[in-house]
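J.: My questions all concern the structure below.
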Amino acid sequence: MTSTPVSPVVLVILDGWGYQENSDGNAIATANTPIIDSLWTAYPSTFIQTSGKAVGLPAGQMGNSEVGHLNLGAGRTVPQELVRIADAIEDGSLATNPALDKVCKQVSQASTKLHLIGLCSKGGVHAHSDHLLALLKLAKEHNISQVCIHAILDGRDTPPKSAKDEILRLQKQIAHIGVGQIVTLSGRYFAMDRDRRWDRIQQAYDVMVNDQVAVPRDWSPLDAITDAYDHKTTDEFLPPTRIAPGAIEAGDGVIFFNFRPDRARQLTQAFVDPKFDGFEREQVKPLHFVTFTQYDSDLPTDVAFKPQNLDNILGEIVANHGLKQLRLAETEKYAHVTYFFNGGIEDPLPGEDRILVPSPMVSTYDQDPPMSAAKVTEEAIAALDKRIYSLMVINYANTDMVGHTGMMDATIQAVETVDGCLGKLLNQVINVGGTLLITADHGNAERMWDETGNPWTAHTTNPVPFILVEGEGRKIPAHGTDVQLRADGRLADIAPTILDILQLPKPEEMTGSTLIQAAGFEVRQNKSPVRIHR
């Protein structure tokens, strides 16, 4: 007995595809995008918000992929870790946080070293430098004399050469608080790799655990940064460098203060995973290792801010109704359509299939702007042919990953690649009667340089498009051809919209609302639409 072919709802997330009217330095507006341009004109479309309070971040804070996918899958505005930690600092509860209090007491009593590892940045995407300052004050309160800072430089979620200002600010606070020393520097390209490029992680790890690395006399963090700039190396790519003695040794305590897991996981594995095989190393133990948030439930670390429980997320509702779903992305965004979209759940839900397409092995993605978009599209078309999935979630990484390089021409090529792939995907969605939803998790490629003409490599606070291409096999009930979309939407509204199209009930935990406006007519028993006068 054959099952009835399914007409799916296909959610396509164009990572980093934002909107702004100004076309100057705008890779999306400059690129030739006939597919998405025609869809925007021909089908119901609107803009939605992906930053600030709309996604659980502080007002004015740019969104990011983790936050975006979390809100997309949860169907509610999820208070983000940046806000939770800032609140703990403000109300004083950081000082009594059990995991932080425990490691500080152990270090203080044993007279060992406390190491603070993390991204020194005001970007607020993976970490925030204010959190580091709060930890220095906490160490001071515990009378810890040896506090070693392993500073990771940003230049991706912040301007490419902003590290000097950040380090100067940190040094002033160190002098004011009276504790702490910067002992190593590393660009995030090395210390925060997430694509299993273990040679990068090893360089950062070796510098942190090895006191034998030669250090020039009177060598300061600013000297190292200046030297990098002189060699045309920006913050993100600064090679791991030892500045002063202070290696991570047995008996020490470590606090990794990045709050976003995906780019902190690999370095943490190198320190704490007894089965680690990314590169040869002698594990430092015993080591009391604390992570700000849960990077991986299998890692043996204490966690300062434990995961929030998100019940009745989109994937669970689909699974609970016995429907199959698919998550598809290349390596760089695979965790986002799986772990983050599922509210921090690692394992697949019942009936959830996953396809991982390897990202190209290049040092920076301006070297290969198409990335693996063609293979992602090929896998999506093959999955559509099966006619078994009620929901498909697909991420195209190009506009974000290439946009982060600050290279305009390469980003234009990335945008055009994705547009071409959308055309192929659209044809197959139409063939199977599915409904296609196109949106983004945050902006990026619409701003490639700043007001002074320098490369802009960070995300933006701009809105993103949302397009609804209604399919014959997945018609929206009671709307006919008169589907209208709200103009005040946010990412949390997309899950309720999908449930609306699938005709599944929205749980009370979902505080988002469907983007589909109430129909201007109703369908009577004779199936003829009757206009409602308002």
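Each residue, glycine too, has its Cβ placed from N, Cα and C.
Remember, predicted model here, so these are calculated numbers, not experimental data.
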J.: Say Swiss-Prot lists HIS126, ARG156, ASP157, ARG188, ARG194, ARG260, PRO261, ASP262, ARG263 as binding substrate: which of LYS232, LYS324, LYS333 is in the same site, per that record?
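T.: For substrate, Swiss-Prot names HIS126, ARG156, ASP157, ARG188, ARG194, ARG260, PRO261, ASP262, ARG263; of LYS232, LYS324, LYS333, the listed one is LYS333.
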J.: Need one residue: from SER45, SER65, SER372, SER390, the one Swiss-Prot lists with ASP15, ASP441, HIS442 for Mn(2+) 2.
T.: SER65
J.: Take the C-alpha atoms of HIS126 (substrate binding site) and SER65 (Mn(2+) 2 binding site) and report the distance between them in angstrom, rounded.
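T.: Given the Cα positions, HIS126 (substrate binding site) is 11 Å from SER65 (Mn(2+) 2 binding site).
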J.: Which chain-mates of ASP441 (Mn(2+) 2 binding site) that are at least 6 residues away have a CB under 8 A from its CB, listed by sequence?
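T.: Long-range Cβ contacts: ILE13, ASP15, GLY16, THR50, GLY63, ASN64, SER65, VAL67, GLY68, HIS69, LEU72, HIS336, VAL464, LEU491.
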J.: Using all protein chains shown, find which of the binding-site residues HIS404, HIS459 scores highest when you count other CB atoms within 10 A of its CB.
T.: HIS459
J.: Counting only residues 6+ apart in the same chain, whose Cβ is under 8 Å from the Cβ of HIS442 (Mn(2+) 2 binding site)?
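T.: Sequence-distant Cβ neighbours: ASP15, GLY16, GLY18, THR50, SER51, MET62, GLY63, ASN64, SER65, VAL67, GLY68, ASP400, HIS459, THR460, VAL464.
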J.: Other than ASP15, SER65, ASP441, HIS442, which residues of the same chain sit close to Mn(2+) 2? List them in sequence order, counting a residue when its Cβ is within 8 Å of the Cβ centroid of the site.
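T.: In sequence order, the nearby non-listed residues are ILE13, GLY16, THR50, GLY63, ASN64, GLY68, HIS69, LYS333, HIS336, ASP400, ALA440, ASN444, HIS459.
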J.: Hey, how far is ARG263 (substrate binding site) from HIS404 (Mn(2+) 1 binding site), Cα to Cα, in Å?
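T.: It is 15 Å, counting Cα to Cα.
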J.: Under 8 Å Cβ-Cβ from PRO261 (substrate binding site), six or more apart in the same chain: what's there?
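T.: Correct list: GLU66, THR293, GLN294, TYR295, ASP296.
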